[in-house]
Amino acid sequence: MSRRAGGVRWLGSAAVQGLLLVVALVWLTPLAGLLLSSLRSERDNASDGWWTAFADPAQLSLDNYRVLLEDSGLVQAFWNTVLISVPATVLVVGVSALAGYAFAWLDFPGRDGLFLVVVGLLVVPVQIGLLPVAKLFGAVGLFGTVAGVVLFHVAYGLPFGVFLLRNFFAEIPREMLEAARLDGGSEARIFLRLVLPLGRPALASLAIFQFLWVWNDMLVALLFADGGSQPLTVALQSQMRQFGSNIGVLAPGAFLSLIVPLVVFFAFQKHFVRGVMAGSVK
Amino acid sequence: MAQRTTTRPGADPRRRALRHRRLLGAAFALPALLLLGALVAYPVVFSVVRSLFDASGDRFVGADNYVEMARDPATLTALRNSAVWVVVAPVLLTGLGLLLAVLTERVRWATAFKLVLFLPMAVSFLAAGIVFRLAYEQDPDRGVLNAVVVGVHDVFVEPAPYPTARAREGLGLTGSQADGYTSGELRPGAVAVLPFVGVAPGAVPAAAGPARAPDAVPGALTGTVYLDFTPGAGGRPGRVDPAEKGLPGVTVEAVRDGAAVASARTAADGSFRLDGLTEGTYRLRVPAAVFAAGYGGVDWLGPALITPAVIGAYLWVWTGFSMVLIGAGLAALPRDVLEAARVDGASERQVFRRITVPLLAPVLTVVFVTLVINVMKVFDLVYVIAPGPVQEEANVLATRMWLVSFGGGNDQGLGSALSVLLLLLVVPAMVLNIRRFRKGGDS
């Protein structure tokens, strides 16, 4: 009996392994298609599929990327993406850390009520801010600038950031803070020397989540950035209209925009997963 | 000022510290509160008010914009699509995530598998959109999905042998590719020569031999179907010349009074023979099926399938999320309960349905609610994948709101009403979050 059960189990396990292998391949196929398409000439892409490259690897070349890197508009858009993502991330982490500490350990008038408001703002859709903030930015000259895009991202990243860090900081043992206060440490000093180092895991998760969120954003920049400040996503989006004839630009461009998130993903897997999980309430 | 009050004689140093801390707290929270107030809270109020005014913002119209939402066909399409999204995507994602999470528990390379499925979470919706525009391409020679679909289809349904062939005109055959071709009236014992053109040399099967007109057979109709084209030059139309090839595998029918009474397929040299015919007159027919255009695959990006197609891309992005979250829940299940059930003789399926799923219910709920909130705001994927002409059919609330407000519509009253609707739809989640926070204290 045990022999038969063992045989059945082995078969079952082989079936499960086979099924999962197929699923994994299906998941990787679209990305493989993007990569191979980006390495094929416009003419090859127009006449047959990327999978023919397996039979004929001579099709592949870096020509599309060379052309892309000579396109000053797209290179500028790539830098704009960096110029938007990095400050937006630093600001969200910084401002959230300050507020998170205040909400967790510094009593100020209206603190608890205000925090409930922050929790309520967690799920507010970005869409509700588009029109009003566009008018506001228009009035103060921020519309169409990198700074405007950054500020919008910071504001909509804050509810989650404050929420996450306040909860994390609240776990710090009270005695630890009391001891530091008795030692005569100023609040600013305690914040910098004690709270921030202790909060490093949460800060890292928040930073990664926020960075990817902003790096990958298209909607906000579509409205708030102009031709000179648009990030890569918007620059590529404007080429989608003639999709068929623009694969030579779109495929390598999309791949270029993927590289940074992929590096972040593989370098900080644990923080990444934790950040995305925690950030999913957004 | 603060300086003066703190140095007042008799002030308790503890109170002074407390006071200092309160001021500092307000100062620390201030940047966040200012930004949230100006760019998140104020816009909510602004949008609600703005939604009560007309397109230009000059005239108060009350609830007209909301009434318009229920009347405007394009907005109704968007509402319907959003409903489809919210019902279908979270259910599929939670189910798929649960299934994969349970299965991955049984393999040793679970970590690698989870990594692969989580990978799309790092990809922007724009890039995912480009990826899927490529995959959904209609032409099976370019879109990988249709390449697979057509490949599978052609295994089960033999493709028509000569989709481009047509009869040489004026030489006995009348009709068209769409209706098939018919000859004039013939009596048994006749030999028919049926000339065709329009087959590229590469499309002639390798097995095809030189065309040959068979001998006459009493009581039967014989003949040949061939490619009436001599490579180079020198062939005569309607005659079987030495270098011309037969077309094998073509169905030829003998038709009497409009009904097919006999049918044969041509051999390698294009010859056919229809036996067992009684006296009388017949017509030969080459049916339309021989010329049917090849199966072109599924029109993924057409108006009928665009929403399922975009949801498919969304599944690609989010399945990893649901699987990893549910997997973490599975790992936290009490092993001894599961083992006890197995020892008591419960089958794997019973354990799964009666124990695993009920114990996982809280995790499944969190995943489901999270997905509903995210699905409601879906924008980029729809905007990027749907080609211009089918954008209207693909629209969801968020894309409709965008198009109405900024994409040419320029009706900011209706646009605001749509964004308020989006907000209202997530209010239950908002209440849930606040309540969960108050009950759970810190987490």
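Here the Cβ of each residue, glycine as well, is placed from N, Cα and C on the backbone.
Pulled from TrEMBL, these are the features on record:
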DOMAIN    A:78-268  domain 'ABC transmembrane type-1'
TRANSMEM  A:7-28  transmembrane segment
TRANSMEM  A:77-106  transmembrane segment
TRANSMEM  A:113-134  transmembrane segment
TRANSMEM  A:140-169  transmembrane segment
TRANSMEM  A:190-215  transmembrane segment
TRANSMEM  A:247-268  transmembrane segment
*asked:* With Cβ-Cβ distances below 8 Å as the criterion, list the same-chain residues six or more beyond the ends of the transmembrane segment (A:247-268) that contact it, or say none.
replied: 34-35, 37-39, 41-42, 45, 64-65, 67-68, 71, 74, 78, 81, 204, 208, 211-212, 215-216, 232-233, 235-236, 239-240
*Report, as numbers and ranges, which residues of the same chain sit near the transmembrane segment (A:140-169): CB under 8 Å and 6 or more residues beyond its ends.*
80, 83-84, 87-88, 91-93, 95-97, 99-101, 103-105, 115, 118-119, 121-122, 124, 126, 129, 133-134, 195, 198-199, 201-203, 205-206, 209-210, 213-214, 217, 220-221, 224-226, 228-229, 231, 278-279, 281-282
*Cβ contacts under 8 Å made by the transmembrane segment (A:77-106) with residues that lie 6+ beyond its boundaries*: 114-115, 118, 146, 149-150, 153-154, 157-158, 161-162, 164-170, 172, 177, 187, 191, 195-196, 199, 203, 206-207, 210-211, 214-215, 221, 225, 229-236, 256-257
*Spatial neighbours of the transmembrane segment (A:190-215) far in sequence, C-beta under 8 Å, 6+ residues away*: 81, 84-86, 88-89, 92-93, 96-98, 100-101, 105, 153, 157, 160-161, 164-165, 168-169, 172, 176-177, 180-181, 257, 260-261, 264, 268, 271-272, 274-276, 278-279
